[in-house]
Amino acid sequence: MDLASFQNLLQQCQTEQDTQKRKEVEDFYFKYKQEEPASYVANIIEVICSNSSSSNYAAILFRRDMEQSGDVAAVYRAGNGNPECVHEVMVRILNTMLGQTSSNSIRFLSEILGVHLERILESDPQGGVAQFPEFFQALETHFAAPTTTSQLRVGFLNCIKYICGLAYTSVTKIGGKAIIDLIFAGLEDQADTVAVAAIKCVNALILYGDSDDEDEKNDSVIPNSVLQQFVYKIIQRLPAMIGRHNFMDAEQALEQLVDIADMNGAVLKPMVKDVHILVTGILSPPEIDDSLKRLTIVLFSYLCENISDIRKRAKKAISEIISQFIFPYCGLFDDTLTQAWLTSEDPHHFDDQNSLLGYAESALDRISTTLGYKVIFPLIKDFVSYAKANPTVHNCFAVANIFTITAEGLARLVTKEDIVFTIDTLLELSNHPHQRVRYSVLSAIGQLSEDYAPTFQTFHEKVMPLLTKMAQDPCIAVAAHSLGALVNFLEHLKKAETYLYKDALEPVITMHLMQSNHLLSNTNSLALVASLSNTLLKNDFADMCKNYIPHILGMFTNVMETLRKSPNMSLNKPRLSYISRILECLSIVAGTLPQLFAPHIDPLLTAIMELFNFSIDDAESSLLKYTLIAVSRIVDIYPETFPKYMDPIIAKLNDIFNLKYIEFDNVNEFAVTDDDDCSFTISPHVLQLQAVGFDVISGIMRKTPAAFAPHLDAFLTKIQDRSFHTGSISESLKLNSIECICTAFRVAVAAPTVASPPAVHQRAFTMLIAATESNIDDIDIYQSIADSMAEYVMDYCKYITSTKDMTSYTETVNKVFSLLENFEDQCRKLLEVSIQDLECDDDLDPEETATMVSDTVDDFSDAIATFADVYGTFAEALGDLSLDFMSPLLMPVIKRWVNYYTSTKKNGISGAQVAFLTSAVSILADIVKYLSPANSKSLVEPFVTIIIENTKLNKEWVEINQVCCYTAGLLFEKYEGDPGLAILIPTLLANATELIGVVKSGELVSKEALAAYDNAVTLSARMAQAFPTELGNMSGGLTQFWASWLDLASTVQTDREEVIASIQLIISAFARNDPNFMSGNLVHALYAFLSLYFGDHHISIVEDQTNANLIEGANTVLTQIAGHGTILADTIAKCSEYVQKTYSLYTSVRQ
């Protein structure tokens, strides 16, 4: 192709607008470049070095060729691998740059030279200099020459930027001092554009800075002393740029400084005062451009995040900037747009996140998390006082907004008094005349309901009336938003307390769901209906939903009709949220009320299958994600309906699992942009979608295993081929795929002729082992894997007991124990490293360090407890068959954990020690519970002493008392009549009585303390059942003992298992007409029975099929007591409102 034809081709690539013709032109261009590389390079170099209108465009295309091909292949192809040809081309480009006056032309030419310099210097710095001496000679001759234009100096610095991107070792070999001096000269240049180019060089160098400021002799890093000189000059230079109102160059310089603070904030440590002056100097004057203020806010937030001891160095300066600028900026919504806000479908995301408001919100979120409660909350209280004295709309908005933004960062240490202050402030603001302020109050309540839960919910008497009142706000956006806050608040509110407001909630839902066409009203009312499914009794929820289901189904019908008319339509976030809430509400109602919803389930699933086919313009795949979540809910409740929908679901999931979450950007060769480097993109939405897909699969495998069996082999192959279980960068995707692997054996057992259980076990177990051997650096991941393993162990062991197929039994058991031991070792190491890092973090004060260490130890404790669950699963699933490996494998684990507690106890008790003791005892409890007394006794006997000792009240570690009281109770239940237990009764009764008394007094109020209380109460009852004479002698007679116990039993509420145990005990006493219950203690017994059976756990008890005998016994008791005159009605009247409500529903159903 001759030069004229090539120039014409370039012109067409640059200007052609017709899509089809443009594609033809581009295809021709690519074909020419591939088939005639020598001609292509010769022509494009001619264009680059000419003065044609296409020269800059050609320079961009050629640089991309150089960068994307890896070895400057475009040039080398032209010379058939001859470096001299490359050299000639680059010298020509250099000479062309030296003769230019246009800044754009110089920029594009310098970028080509920069890429070339980077390539020849990165592997051999000194040899690379020899390959291109002309450049370094020109640099020395021209850069400092008085006649050199600022544009050319910028071009040279653009080239130097690429050299600075190499490791500092390479820079020093090239001539480090000369390059450093050159950058210093650029920073001091009179032209701001030159200074900006020099700052970009500093930014490239900063990647190799020494953040510890200790080792200045290591030539692989730039000493901080040099970097700090650079940064100091940048900070000095910026005010002059801004003073000249050269905001464009100042913005570029500030962007680079922000990057430096982000990558190596320690460099700024000696300049905190200078940065403070710079920040205030930019934020104070009103005439300074907002773009600079936005960047300055980011700079300040990075300063707070990345300088370890910033609070000690500059607490006063930080406080001033937060109070004077960050807080007020959090109220700067654009009031001129309020009318548009009122009609917006998405008022919650209406404000521009690129405004000062958006930047301030983001910065305050980071700052509050970094600086913490002790710095931020006092400033909030001061700002509230300031806003009260200066109650502008923006100040009032800022107050509520600040509470919202800082909630997560302050949650660790916030006190009840702080929450009261916060609620009272919000109550006052809730009456503000401006809609935006009232809306922000609701945003704050919604966020605080999550971050300060459950303490925040203890003030429901203040918050709930406010929310139900604001649901009737004259501004529909505010009224609708109140429902969102209600959903968050109710999520952590106790069921009994929710019932206090049920009558106020129903008209709110009716108004916003049935009587409003406002999108946000409909969306949030659907969410509120869904949230009440877990709170209300089924009958109450059914009564509510009878009116709502037809209306919600009508909503869904309208959505489907709209999508059918425009299957490729674009849906904004509010519309997507609305559809997702419909799907959520319908699937939850279907799951909660299967009989009521049964007529609608097939049409719903049919419509959901149709949703799979719509190509909605939604980059985040939100609608597909919500559809899959709805499917996962429905499969749990309607497994018999599901198999006929299996094929389209599996087909869609296969499409999802084939998606790539990482894509290399195919840069459009013909698009001219400032940032046009080749890169790759990770799509979190694909990862989320695949994680949800595995969640759906695991539900199908559990609920319809036989129907899934034909797909199992292909599914496991997909996991292996894509390495979801070993190589995924998404924790949830990895864990969900492992959960599916652990469920595979259940599928094989359900359909052994389709999927051979031994073969599936061999494959799935091998995959599980591979997953555990992949890189894991988080305690939580080990815990989650162990949680999935418990399910696998249960399914596998049940199969062994039913089939006696011992093919790989011993090998499997040994490997599980080996894996768990390795998990334990790895978690210990991670715990030690995490604690060491926290204790060495200078940015944390002692109280924060203690809190974070405690949280980390809690994670470790949860992991050890989960490992104990896996060990205990063997006992539960195998019973006495587990004896084969109990002594050689499990008992050493228990001994090791107990010994760790006892041997280190003299040095004080830590959370980790407690975890090992409680976990060891919980395994012993499983052995007692699931093995026969004859086989379990010898295993447990060596540990009885430590169990009994630790029923003694330990106020600091009451969870020890909880598990030991529970296990001691099991000993009396399983080994009833054993004379060795009788001698323990005085000690145990004294310990239980002390624990009960302390908790009852209110001295201990934690969840663990309340559970320990429940266990102590049932322990005393189990001792009385096993040894009634001994207990009667110690308690003033059995009648007196049971009278006292029944009063205590009525208050058992935390531990569901102990609630059930207490109910069973009372039922059995009624069944045998025990005089200790049926005579003088009848009222006590009935009150305790009603409080327990119709209390907080009533719903979960009656919906659990394993409790059929208990439910039948409870019905018998109520029938039996009905013949005792008015005693039942009188006793019910003394019970709580919630108990009365549940009892009333029970009687109405029975009638």
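Glycine is treated like the rest: Cβ placed from N, Cα and C.
Note that the structure is a prediction, hence the values are computed from the model and not measured.
Annotated features in Swiss-Prot:
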type: REPEAT; residues: 83-132; note: repeat 'HEAT 3'
type: REPEAT; residues: 133-175; note: repeat 'HEAT 4'
type: REPEAT; residues: 176-222; note: repeat 'HEAT 5'
type: REPEAT; residues: 223-269; note: repeat 'HEAT 6'
type: REPEAT; residues: 270-316; note: repeat 'HEAT 7'
type: REPEAT; residues: 317-377; note: repeat 'HEAT 8'
type: REPEAT; residues: 417-453; note: repeat 'HEAT 10'
type: REPEAT; residues: 643-704; note: repeat 'HEAT 15'
type: REPEAT; residues: 881-932; note: repeat 'HEAT 19'
type: REPEAT; residues: 979-1027; note: repeat 'HEAT 21'
type: REPEAT; residues: 1028-1074; note: repeat 'HEAT 22'
type: REPEAT; residues: 1075-1120; note: repeat 'HEAT 23'
(message) Counting only residues 6 or more past its boundaries, what in the same chain has a CB within less than 8 Å of a CB in the repeat 'HEAT 4' (133-175)?
(response) 90-91, 94, 97-98, 100-103, 106-107, 109-111, 113-115, 117-118, 121-122, 125-126, 182-183, 185-186, 189, 191, 193-194, 197-198, 200-202, 204-205, 207-208, 219-222
(request) Average the per-residue pLDDT over the repeat 'HEAT 22' (1028-1074) and send me the rounded value. (result) 91
(message) With Cβ-Cβ distances below 8 Å as the criterion, list the same-chain residues six or more beyond the ends of the repeat 'HEAT 10' (417-453) that contact it, or say none.
(response) 333, 335, 338, 341-342, 347-348, 377, 381, 384, 393, 396-397, 399-401, 403-404, 407-408, 411, 459, 462-463, 466-467, 470, 473, 475, 477-478, 481-482, 484-485, 487-489, 491-492
(message) Is it possible to list how many residues within the repeat 'HEAT 7' (270-316) are helical, extended or coil according to DSSP?
(response) 38 helix, 0 strand, 9 coil
(request) Write out how many residues of the repeat 'HEAT 4' (133-175) are helix, how many strand and how many coil, based on DSSP. (result) 33 helix, 0 strand, 10 coil
(message) Looking only at the repeat 'HEAT 21' (979-1027), how are its residues distributed among DSSP helix, strand and coil?
(response) 40 helix, 0 strand, 9 coil
